[in-house]
């Protein structure tokens with residue numbers, strides 16, 4: 001787990017990488033402090049228990065509860081630790097793109113950026129869908145057809161505008177939305193105490209487990225800890241604030257999943273087929289009546305707004321960070337008067353609209369598949385930087401040696417291989433085509449740079465990765 005008190009000061013013989021300005025271009029913009037950062041991470045990863053219902057449908061109460069209690073140690077903790085170390089080592093908006101570029105070279109850094117940006121946009125296409133899934137019981141017209149399509153477009157436009165208005169606003173909105181989204185489950189917990197049947201928690205039927213749905217649901221709800229790295233340049237004192245934010249967000253996310261599942265599975269009669277997107281609304285009605293149902297529906301809707309805003313910010317600032325290093329055309333590095341990367345926001349929003357026609361399960365499977373490729377490169381970069389650059393400043397350093405770093409990456413890598421293996425043929429084909437586009441896109445951009453069709457610039461204040469882009 002990320003211990004906020006274990007950051008290491010740079011030794012005298014270290015290269016002072018960790019002391020570089022977090023993002024020279026962003027110094028004039030207001031920085032994000034630790035509390036908004038916690039809720040931005042919370043919404044990058046979770047946003048509350050909305051979307052975990054399929055884990056009960058797929059595997060029953062016992063495996064659902066164990067999954068959200070144990071998988072964080074297999075996946076979330078290692079990913080958060082690596083994000084804390086490399087994010088403070090490279091405190092700029094390129095995030096994981098810079099990590100991979102530094103370790104494996106700029107070509108693979110670009111591939112990392114392409115796959116992670118695409119998986120982020122696919123992920124963001126989920127939130128308008130989830131938003132409407134929770135509202136359709138109150139407004140049946142939103143279930144399908146033209147009203148649903150119009151609602152998705154309007155919602156995307158409104159949330160995109162909020163992202164454009166500034167990251168500080170997004171951070172404080174995330175705090176409000178986070179508190180509002182978690183409060184109804186605290187009330188549900190108190191109401192549910194007399195009705196709890198602990199025996200339900202131990203129900204498991206190994207003959208009726210949908211492993212694909214189960215693992216994809218767990219993986220989707222517990223990943224994306226590294227997404228905050230693309231906002232590190234906007235964080236106040238990132239060497240201390242980022243590890244603290246990750247630590248507190250990790251605790252918040254695990255409790256935000258486990259506690260509602262404990263209530264929902266223990267307080268109402270078990271029917272696994274009912275456990276689909278939006279079922280927490282029905283549980284709320286059974287436990288507290290219409291008023292609690294309304295609150296949970298509103299909390300779910302607003303939670304999906306928060307996740308959209310956090311993901312949109314991460315995706316767009318990633319493009320800004322890549323452009324600052326000359327990986328993308330200069331226009332992606334330009335900021336609006338609110339300090340936000342307007343072109344990156346527009347590109348990310350366009351991708352969301354194009355992908356919003358996919359189903360919930362298809363979106364999860366596709367973004368998981370692409371995300372896995374990116375995470376493998378991150379693990380390789382983390383170990384390689386430990387081996388090749390042991391003397392560089394790491395304001396936060398995981399207290400393990402090279403062997404420990406390798407061992408730490410083995411369990412999440414095994415989980416990645418399982419997720420890749422269970423993907424459907426359709427998801428494999430679509431994801432492979434997406435990867436191949438990235439492999440061809442980078443040489444095309446370099447060719448357009450040589451021909452001067454597009455303008456590329458490198459921010460001279462950023463740390464020298466010895467990249468050919470400079």
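Positions of Cβ are set from backbone N, Cα and C atoms, glycine also.
Here TrEMBL flags 58-77 (among others) as transmembrane segment.
Within its own chain, the transmembrane segment (170-193) is flanked in space by residues 32, 35-37, 39-40, 42-43, 47-50, 162-163, 252, 256, 259-260, 263, 266-267, 283-284, 287-288, 292, 295-296, 298-300, 302-303, 305-306, 309-310, 313, which lie at least six positions past its ends and keep a Cβ under 8 Å from the stretch. Taken from TrEMBL, the feature transmembrane segment covers 170-193 (among others).
The transmembrane segment feature in TrEMBL is assigned to 246-270 (among others).
Proximity of distant same-chain residues to the transmembrane segment (290-310), defined by a Cβ-Cβ separation under 8 Å and at least 6 residues beyond the stretch ends, is recorded for 39-41, 43-44, 46-48, 50, 124, 127-128, 130-131, 134-135, 137-138, 156, 159, 162-163, 170, 173-174, 177-178, 180-184, 187-188, 191, 227, 278, 280-282, 284. The transmembrane segment annotation in TrEMBL covers 290-310 (among others).
Taken from TrEMBL, the feature transmembrane segment covers 338-357 (among others). Away from its own ends, the transmembrane segment (338-357) comes close to residues 26, 28-30, 117-118, 120-122, 124-125, 128-129, 152-153, 156-157, 160, 163-167, 234, 312, 315-320, 331-332, 363 of its chain (Cβ-Cβ under 8 Å, at least six residues beyond either end).
Taken from TrEMBL, the feature transmembrane segment applies to 363-383 (among others).
Within its own chain, the transmembrane segment (404-423) is flanked in space by residues 71, 74-75, 78-79, 81, 211-212, 215-216, 219, 365, 368-369, 372, 375-376, 379, 382-383, 386, 398, 431, which lie at least six positions past its ends and keep a Cβ under 8 Å from the stretch. Under the heading transmembrane segment, TrEMBL lists 404-423 (among others).
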